[in-house]
């Protein structure tokens, strides 16, 4: 034996010491030079290449075997094929190995099981499981972990990843409850045989079985799901030896199926088994406390992490940030975030999403800018988290900047990002660009379809929304819970009662979807708008789930429009019984009494509100001019250009009244003189914002204003104004107009140019524009 034979054999006995392709090739050459090409030595070299992921070199060696390859050689080539995603080749090798008479050992099956998962072949996976049992390998720790991982992954993939059922009627529903799809990653890509499930790949069950939210989301508890988790549990119970990966996998399975109590019970059993929880374990249970807003138990886990030195772990920190944010404790989330020694993209994503989900849109945008300043490259999830802030604030210029960044960096091909862009442009009042983005999507998923349908609904384009809904079905995309919410919302906004009834029945009978609160609320709202108040009352009374105060409040609003005080009092009692803290119901009842001149009853409602410590949220309207947001409150005189705004309003009102506009003082629900009512009407926040937009922008500019509450019933004012100015006035917020049984209220984005009022002559329009110009433009 040569002088280098001893150190050479030492290396071959410890192949894990070889870390690079260069060293592997050096060793390979030395073996060929000094030891020849014996099968056992070549099998070891093949194992080294396989561990390093070098398929070409592995195949060269494997194909040089003149005799039957050893079990090490088979294991190595199977693992290498699996590593490169060549699952059919991997399973073909496994079949050839068995045909050659070689019995696979515990080192072979993890790769084989992973290949079954990669091919999404559940039956084949079960067959391999049977083989494992027959060969007595099921007691092996790594094989058991691989089996549990396989069943968990099959469930995730079988759901389609039913993440298509993002849970809520958004596009509001999409991003308020979807937290913007935060952490939406499949178990298939994030669960590793050696490491166990990634904590951010978990989902937990919520209150509505038909909705899905990610990380604190909802997943349907279907029978097949239970088969998967039972398989996981059986494998787990039969394992004689369990490590922390085994425990983490079964906990992940429970959390994924919404079996939160079982997950927590399993966590407690870890302590009894003398196994130390790791960061994956703790990250798995924190979303449970976030979902159920259990801040006290979440704090217990936080304390445990501090005592055992997990506080600097990125996974734990991100899960804690997420947990506190979902429990509306954003200050605590920010405190944890700022204490982190290193901030990666996951940490930034967590805190940005937490701020946006809690309505701190400005803070979310500020953090996003800090992230870019820190030269941390945004991910898909970053944009999914930040774009709802642009949508809610209707900061179209920032949304366009984000869109440009997304396109330049190739993120626009991602279906989640594209769907978020559709939502953002729709909410910012630009449905044309939203549709353009949607049409460019190669394979829109359920989220994309629903975002576009809801966008049309918010703009009052009911027919376009329903056409798209039917086109989605023709494309063999099966509508889900939220898709029907969007379609029914479109019907509600368009006054399409017959279509809504048909959709509601179709959802139940043809698709087996149990109606939820959103579906009932949309139909009840539509019945109320149509003046069918008694039918709406019966409809809500016969709901198969208990109606909430918000559903009854929908009917209460219709009672106000149709001046049905008797039914309003009956419905009001229902609301106060179910939800005594519903401030909107008190305000509605007060307004109903005020409209009827019953000032004493109206005052009693206000007194009741004060007695409960309730205060009405002040109405605020904002408008973006020259990349700057300007906010207005009713009667507010603090704006530096208030005098110009007030002057413009007076001129506009005079011109409008000269053309036949009559100010409806009945909309003022205060016991004051007519002149005071006129003054109050002119000082509404949305009128101030629109007037400011008129004097601050060039002719032909689209004016977009947003309000935090329902826009006041001034559509006639808006229509007259548009005809005078020959401008487009868009209001991306809720608004209503005076209604009768044949006219239906729209919500969402109102475009003045779609109204059917008589047009002014060019001379009249020019006269008014001249008057406007004389006021002096904002600069």
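Note that Cβ sites are derived from N, Cα and C of the backbone, with glycine treated the same way.
Bear in mind that the values here come from a model prediction, so they are computed numbers and not experimental data.
Your range for region 'Disordered', going by TrEMBL and the list 737-757, 758-778, is 737-757. Secondary structure of the repeat 'PPR' (243-277) per DSSP (helix as H, G, I; strand as E, B; remaining residues coil): 26 helix, 0 strand, 9 coil. Here the repeat 'PPR' (344-378) is broken down by DSSP into helix, strand and coil counts: 26 helix, 0 strand, 9 coil.
Confidence across the repeat 'PPR' (70-104), taken as the mean pLDDT and rounded to a whole number, stands at 86.
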